[in-house]
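J.: This is the structure, below, for whatever I ask next.
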């Protein structure tokens, strides 16, 4: 064999079999940076139609986690695929740099502002901290292979950005959407600040659940309104149920549902006979809860018949009215709701209708104010026990028990929050029809998955006014002057805000905090108070449509796509929508796509304590970023995304299949120059045209899947193409032709041409996902080409077959189905030990008429398709009894271990081996290929 080895066209390439991604990717990244790949991509795309994916800013705090990696990789896949589709697809990354988490980390190092450090120095420390965090995160994002304008990202703490946020707030004020009010807001005692909806998370909490008597002051009037024929005996009370006893000091009313039925029940519930007003739909279970005895219904009435009746507060010397509210329901409690407008949104809304006092006896530290009777200075949650004790002493506690329920917590501190009425600045949801307009814009937007629309609609329909003010040091200021007497904004507010914005452009937010009012207001300064609040960070990020999309030349409004995690329906998607609609009346995006959260293999949330955290840095350092990218693409991101070391290892196995396919194509293109050696499609062998047709059809599916953001389908299709269409069929069949025919023969050049076209297409299919690997493949492809695969577009030189042409798809579908059926029979014979490989076999095929004609068309080349030494075709009626029925209807086969000698060059067993005097070890075909004019192939 040694003397014939040099006559074979064996595959050869410098493209490494071992990926060593963890070592090679950083080198590729340096190359991209040195060549300014993103800049070249921008230049190459100039003049194309634009596609704008707007980056929602991650928070500049801490190392990136697997969720960050998912988000950035998905965005990068989309941007790169859009570029390949012929779009100008810029990507400008950004960071959210203000807010509480940064403050808390800086506090740990330098202390609280105003105590251990002055506020200006504290803000400088926050800015320095955020900048370091941005740099660390940027390094990791780039390492993931994400292409973007990393040299010029947007930062919400940039002076220009801060100034533009102020200008945007000015526009919202001019449109009439801002108002100041005393409203109950989510308040974190540990933060010392109001919280946005998106900063609240719900956790299980155990609370005291108590039933409280509110004695009826006007008993006779209540009996009259209920048309009670028998007055009954004992004290009369309306009973409420609450899990927040600490809100009772602020009680201003008891709410009933106007349309619900209520019953007045006489019973014994531990204090002798008494009369209790309860909802008819709940009274049985309520009385059972009290272990009440001898219950008698005295009267029935509707809630709206009792409006305005006076009740006695359970421990203060004041009366409170019965009011009506649609928020009252029969899900739990008694059907009567304790109402404290200073401590709850529903209470606030109904209280406003009745002009109730918005009483807030709780300070920002979570303790009752000094003037609060009975409970002054007590922390509210600890005061629960004291309040319950007072209720017992007053005889107004009916029942006490513990209840585990879902309760709002601060997302940062993980501690229970309170509802607390404070003076705050709000974007009013009703003024100028903001809520209605926002809902209309939601309907005009495409949401993927579709349930996202219903989710955000429900949130916008039911959300309260947006509290945009915070009592923090590190944030964009709300630069307003309020009249000391009237509370009204300065009449020249728009001009003043623009002046402040100009100063902030030069000095940052410190320009406002250092500003003396007289610098802008002159003699009017003593009459006005300078607002010290800062903006909710969700306002900062929510106005990137004006501060980034509108201000950067390569971008524009609306963006084509916003893409974030599904938690952003109540976060960035919503804040962006509301601010954009408030300013320009339209949504800032055409489409919104959301991805699920990452969980471990068992669907559990990741946590260090569970030991199931997958850190992207570790994956990049071991398996490589491309494995992480392939996992993201392979997973249906619309639901939860399972990841673990084992899952990533399986992905790495799939990666090797695709890499090996690319390597095999490259190895067989050694010495091939497409401009010199390329064979026109019409002159190519039939099987090669079939392979190109498969690639052409697949490319259509892949481009469509990229268009539809179905990346997991791309992974499935490409992997299947590499494993089946290429590995199991085409490359397996042409191996003989590629290795044994003459180097410059049409048969070999035809196969090389097909492999060249397939490689050109494959490298582009892979590029958005396996970015490092695709660019590595690109460097080894023959022919002239640009510096990077990312500077090109989808490959367009893939010819396709017709369905019914003589050698069209229908023909090859039949042939390859027969091949698969025969291969299974051959495998059975091999397992039995009768043959070593399929080339040790001869097959006699007995077939029905339609299949007979198709197989006969291939003539002697059928054996190359089946990879057997002989393949003979006979009509089905001639089949012997030993013929085996295959899985293909109308096809039987007899497998015969060949007794002919084996050609040492092509390994086929042929009758004529040994008949050539000079080459006794070769078959006639190999003699022709080594000494003659070369064999001729037509089909395979």
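Positions of Cβ are set from backbone N, Cα and C atoms, glycine also.
Residues annotated as motif ''HIGH' region' in Swiss-Prot: 58-68. Per Swiss-Prot, the feature L-isoleucyl-5'-AMP binding site maps to 564. Sequence annotations record features per position, and here Swiss-Prot assigns motif ''KMSKS' region' to 605-609. Look at Swiss-Prot and you will find 608 tagged as ATP binding site. The Zn(2+) binding site feature in Swiss-Prot is assigned to 903, 906, 923, 926; the stated evidence is sequence analysis.
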J.: What's the CA to CA span in angstrom from residue 903 (Zn(2+) binding site) over to residue 564 (L-isoleucyl-5'-AMP binding site)?
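T.: So the Cα of residue 564 (L-isoleucyl-5'-AMP binding site) lies 61 Å away from that of residue 903 (Zn(2+) binding site).
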J.: Tell me which of the binding-site residues 906, 923, 926 ends up closest to residue 564 (L-isoleucyl-5'-AMP binding site) in space, Cα to Cα.
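T.: Of the binding-site residues 906, 923, 926, 906 has its Cα closest to that of residue 564 (L-isoleucyl-5'-AMP binding site).
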J.: If you count CB neighbours within 10 Å, which one among the binding-site residues 903, 923 has the smallest count?
T.: 903
J.: Other than 903, 906, 923, 926 themselves, what residues in this chain have Cβ atoms within 8 Å of the centroid of the Zn(2+) site's Cβ atoms?
T.: 740, 904, 905, 907, 908, 910, 913, 922, 924, 925, 927
J.: Determine how many residues of the motif ''KMSKS' region' (605-609) DSSP places in helix, in strand and in coil.
T.: 0 helix, 1 strand, 4 coil
J.: Work out the three-state DSSP category of residue 906 (Zn(2+) binding site).
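T.: The three-state answer is coil.
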J.: Are there any residues at least 6 positions away along the chain from residue 906 (Zn(2+) binding site) with a Cβ closer than 8 Å to its Cβ? List them or say none.
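T.: In sequence order, the residues whose Cβ lies under 8 Å from that of residue 906 (Zn(2+) binding site) (at least 6 apart) are 736, 739, 740, 923, 925, 926.
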J.: What's the number of neighbouring CB atoms sitting within 10 A of the CB on residue 564 (L-isoleucyl-5'-AMP binding site)?
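T.: For residue 564 (L-isoleucyl-5'-AMP binding site), the count of other Cβ atoms within 10 Å is 20.
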J.: Could you please provide the mean pLDDT value for the motif ''HIGH' region' (58-68)?
T.: 94
J.: Counting across all protein chains shown, how many other Cβ atoms sit within 10 Å of the Cβ of residue 926 (Zn(2+) binding site)?
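T.: Total other Cβ atoms inside 10 Å, all chains included: 27.
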J.: Just jot down the residues in the same chain as residue 608 (ATP binding site), at least 6 apart in sequence, with C-beta under 8 A of its C-beta; none if empty.
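T.: Correct list: empty, so none.
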J.: Kindly report the helix/strand/coil residue split of the motif ''HIGH' region' (58-68) according to DSSP, in that order.
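T.: Going through the motif ''HIGH' region' (58-68) residue by residue, I get 3 helix, 1 strand, 7 coil.
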